[in-house]
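The block underneath contains the structure these notes are about, expressed in structure tokens.
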Amino acid sequence: MEHAQQPQADGQLNKVARDEDDVFPTKQLTILAICRFSEPIAFNSILAYTYVMVQDLHGGDATNAEFYAGLLVSAYAVAEALTAMLWGVVSDRYGRKPVVLFGLVGVAISSLIFGLAKQYWVALLARFVGGALNGNVAVMQTMVAEMVKNPDHEPKAYAVQPFVWALGSIIGSAMGGFLAQPARFYPSVFPVDGVFGRFPYLLPNLVAVATIIIAVIQGIFLLEETNPMFISQEDGSHGHGKVANQDVNETSPLLRVTSISRSIVGSIREGGPKPLFLEEGLPTATGQTFDLRRSSFGTIHSVRLPHDHAVLGASHHQHHVHEYEQYEEPEPPKQKWYNFTIIMLTFSLVLISYHQMAFGSVLPIYLLDKRDPAVELGPHLDIYGGLGFTIHDVGTYMAVNGIIALFIQGLIFPVFVENVGVWRSFLVTVLLYPLSYIPMPFLSLLLGTEPAWLLPFGIYVTMFLQNFFGIICVPCALILLKNACPSSLVLGKVNGLAMSACCAARTVSPPLVGIIYSVGGSLAAWYSCAAIAILGCIQIWCIPENEADVGKVEVESAFKLIEEHPDRLHIQGVVVEDDVIAEDSGYEDNDR
């Protein structure tokens with residue numbers, strides 16, 4: 001009788017596990033999003049005042065301030081890139097949760113020291129330490145992958161992190177602009193001889209620290225561990241399946257059926273000390289990460305390629321696999337994982353990453369920099385100085401810039417790419433990209449002119465162009481890059497190459513464009529960005545269109561509730577035909 005009841009108990013157990021897999025992890029994703037939200041607030045709050053802070057730390061000397069300001073921006077990214085793999089190994093051995101919480105504490109300590117810095121080297125060291133102690137970009141991506149048990153939920157889940165980063169960036173930029181130098185702008189509240197008068201950049205960092213503390217506290221009590229190894233230990237079982245220990249006896253089957261999510265099957269199979277996100281590439285402090293094995297391509301949407309339809313209705317692809325199934329991992333065939341198209345697309349991404357980051361670095365400097373005294377106010381071109389705005393003005397412009405970016409990515413990107421096509425979208429935006437840099441020095445002609453709204457309007461137009469070209473062309477380049485891969489088995493290597501190259505470009509860009517600004521003035525800095533963009537216009541003709549183009553794609557917004565389209569559930573969880581090979585070969589597949 002006991003033997004007869006055992007299969008029934010196993011079936012009920014597996015049904016419970018499948019029901020758990022079908023539930024979208026709203027609570028845990030929200031908790032993780034709060035942790036993620038606090039980081040861009042701390043990072044982006046310094047952008048509005050870094051240039052002025054460097055001058056104050058140097059006793060008001062503006063010599064090479066642009067270079068030193070760019071160095072402060074890059075220090076965080078360099079340190080984060082150098083320690084990313086280390087934190088991956090630590091998260092595998094000791095769990096994701098402690099690494100995430102420790103990373104947040106590191107950012108808080110860095111922000112506090114940065115706000116109290118009275119010497120430049122202290123501020124630079126604080127930024128470097130903050131990046132070195134924080135490996136959360138990749139660890140949080142891994143946690144999302146491990147939280148999502150149903151592949152149909154992945155597009156929506158993966159959209160949370162970039163959306164939260166964008167939202168935090170908007171708030172952080174505005175906060176830095178309005179809270180820096182409070183004794184100067186709010187003397188009735190913050191006296192000049194008070195603590196915020198002696199430390200003019202402490203207040204925005206204190207607010208950032210308070211936000212991080214809230215995130216850490218809720219993370220300690222509410223965030224759950226997602227590392228499969230630790231879940232197995234807590235459940236007294238292997239993998240995601242939960243088996244009550246009291247049900248196991250000498251008559252129990254040796255091979256028990258347990259439900260394991262496809263989202264983490266590859267992670268469990270990999271095991272060992274290697275970080276689960278090893279092939280996702282190095283993180284960047286700007287939050288611009290991507291994974292070619294997923295369908296988001298660095299956006300908040302799910303992009304379906306034409307050959308995705310080939311596997312719709314393939315009944316043998318199940319959302320769950322069983323522990324008793326044998327996964328033999330044959331040696332992948334020896335094949336060249338790169339080709340000319342991949343190299344050219346990667347080079348194009350590097351050029352785009354360079355001048356994108358240069359724009360983000362030099363824009364607040366140009367807005368804050370004083371006008372050249374030799375140039376009269378009015379319709380006169382200033383090729384050396386800036387626009388002479390206050391930190392408050394810069395905070396407003398930076399926040400609006402973030403809103404523009406969110407608007408373009410959320411509403412314009414899916415419509416534009418679906419109607420124009422991937423290759424044409426990439427071609428048009430790359431060819432027009434220099435137009436977002438060439439007009440920038442001529443904004444000085446609008447200073448002191450009437451009507452007064454002309455100058456802000458010109459700034460917002462250039463911001464819109466820069467965001468539009470960047471938000472369209474980068475995901476399109478990633479789609480083309482994935483399509484150029486000879487096999488899904490090499491997606492990880494190609495992704496790692498592209499991420500590492502882009503990270504290197506973003507790292508060297510701020511200090512380099514700062515040197516150009518210091519030596520040649522604002523016009524030289526902007527036109528150096530335009531020169532790199534023009535080089536991209538020339539280089540794009542080296543990319544073989546017939547090998548890269550993917551044809552028409554469909555972009556599905558990740559914010560549409562899955563319940564709104566029950567008949568399209570399988571489409572949102574679709575896998576690319578090549579990815580079937582990766583799954584059958586025992587490789588982790590994150591692009592479903």
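From the backbone N, Cα and C atoms, a Cβ is placed for every residue, glycine too.
Keep in mind that TrEMBL annotations are predicted by a computer and have not been checked by a curator.
What TrEMBL says about this one:
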DOMAIN    28-548  domain 'Major facilitator superfamily (MFS) profile'
TRANSMEM  67-87  transmembrane segment
TRANSMEM  99-117  transmembrane segment
TRANSMEM  123-145  transmembrane segment
TRANSMEM  157-181  transmembrane segment
TRANSMEM  201-223  transmembrane segment
TRANSMEM  337-357  transmembrane segment
TRANSMEM  397-417  transmembrane segment
TRANSMEM  426-447  transmembrane segment
TRANSMEM  459-482  transmembrane segment
TRANSMEM  494-517  transmembrane segment
TRANSMEM  523-543  transmembrane segment
Verify whether three or more Cβ pairs under 8 angstroms connect the transmembrane segment (337-357) with the transmembrane segment (426-447), leaving out any pair fewer than 6 apart in sequence.
yes
Taking 123-145, 337-357, 459-482, 523-543 as candidates, which has the most Cβ pairs under 8 Å with the transmembrane segment (494-517)?
337-357
Does the transmembrane segment (67-87) make contact with the transmembrane segment (123-145) through 3 or more Cβ pairs under 8 Å, each pair 6 or more apart in sequence?
yes
Can you say which of 99-117, 157-181, 201-223, 397-417, 523-543 has the most Cβ pairs under 8 Å with the transmembrane segment (459-482)?
397-417
Chain residues outside the transmembrane segment (157-181) and at least six past its termini with a C-beta under 8 angstroms from it:
24-25, 29, 32-33, 36-49, 52-53, 140-141, 144, 147-148, 200-201, 203-204, 207-208, 287, 294, 296, 298-301, 391-396, 398-399, 401-403, 405-406, 409, 558-559
Between the transmembrane segment (201-223) and the transmembrane segment (99-117), are there at least three Cβ pairs closer than 8 Å, leaving out pairs fewer than 6 positions apart?
yes
For the transmembrane segment (337-357) and the transmembrane segment (523-543), does the number of C-beta pairs under 8 Å, pairs 6 or more apart in sequence, reach 3 or more?
yes
